[in-house]
Amino acid sequence: MTDTRPLLFFDSGVGGLSVLAATQKLLPNAPIVYAADSAGYPYGTKSEAEIAARVPALLGRLVERYRPRLVVIACNTASTIALAHVRSALDLPVVGTVPAIKPAALLSKSRAIGVLGTDATIRQPYVDRLAAEFAGDCLVLRHGSAELVDLAEAKLRGEATDPAAYARILEGLTDQPGGERIDTVVLACTHFRLVEPELSAAWPIAYVDGAEGIARRIAFLTDKQEWPTAPGPGVAVFTGTDSGIDTLRPALARFGLTEIARL
Ligand code: DGL
């Protein structure tokens, strides 16, 4: 019998689609459930306590409903705060998304790295540890932007966004002392990869994120497992009742997510 258990992706919104895209390149037939906590969006302006309570509870319900083979927390904010709680609460493999400081440090020639994330992510001790362990000889400057998360959501809803906004957000890095030396920026929020072309247009330097690494990790953890022989319709499940979800349908369909559900 074919193993039809899905991979369950989780984010506050559409950001995790950047991780899903990388995964679909390696595992094109993987059944997908993409969960967006639209009722809890955005995460980046929430407290650690709120995220730590909300994410494991929601994932518990999602796992019960969809019985996935593996869970991907496709959100840096949720992962840097709640990954350990989720792992201890769930009895299946859980892959997290944490800022790609290690690959950025390997790439940077100027030894100055920018970390662009949500406000909640950039203040996490998890990020301090990654910077100390992998970029100890680099200047690591951080900037949090809730506006950039909203811009990515707007882009996926087909709305036009203002190019000047991206340049202004990047100044949050370059205006810091030493910021002019930055040659590599970590996109430490999964939403930001979705607006990488706009960021590159505003400031053409190297942007790094963890999507491909996560995809390889998922492929490794599911090695030897069976997959359907063709891709089936993916499910996008939302926690909110927001009617605006309809405006996302075309973008979701590009990732094979043609069934919409509510939690
Ligand atoms: N996409 C998420 C992240 O990676 C969270 C964005 C938000 O809800 O603020 O951090």
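Using N, Cα and C of the backbone, Cβ positions are placed for all residues, glycine too.
Within the same chain, the residues at least 6 positions away from T77 (substrate binding site) whose Cβ sits under 8 Å from its Cβ are S12, Y43, G44, K46, I51, G117, T118, A120, T121, C189, listed in sequence order. Look at TrEMBL and you will find D11, S12, Y43, G44, N76, T77, T190, H191 tagged as substrate binding site.
A coil conformation is recorded for C75 (active site, proton donor/acceptor) in the three-state DSSP classification, outside any helix or strand. Sequence annotations record features per position, and here TrEMBL assigns active site, proton donor/acceptor to C75 (among others).
Around C189 (active site, proton donor/acceptor), a 10 Å sphere centred on its CB holds 34 further CB atoms from the protein chains shown. As annotated by TrEMBL, active site, proton donor/acceptor applies to C189 (among others).
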(message) Give me the long-range Cβ neighbours of H191 (substrate binding site): same chain, 6+ apart, Cβ under 8 Å, in sequence order.
(response) G13, V14, G15, S18, L148, V149, A152, E153
(message) Below 8 Å Cβ to Cβ and six or more residues apart, same chain only. Which residues does that give for C75 (active site, proton donor/acceptor)?
(response) F10, D11, S12, G15, G16, Y43, T97, C189, T190
(message) Let me make sure I understand the span of the substrate site: among D11, S12, Y43, G44, N76, T77, T190, H191, what is the greatest distance between any two Cα atoms, in Å?
(response) 12
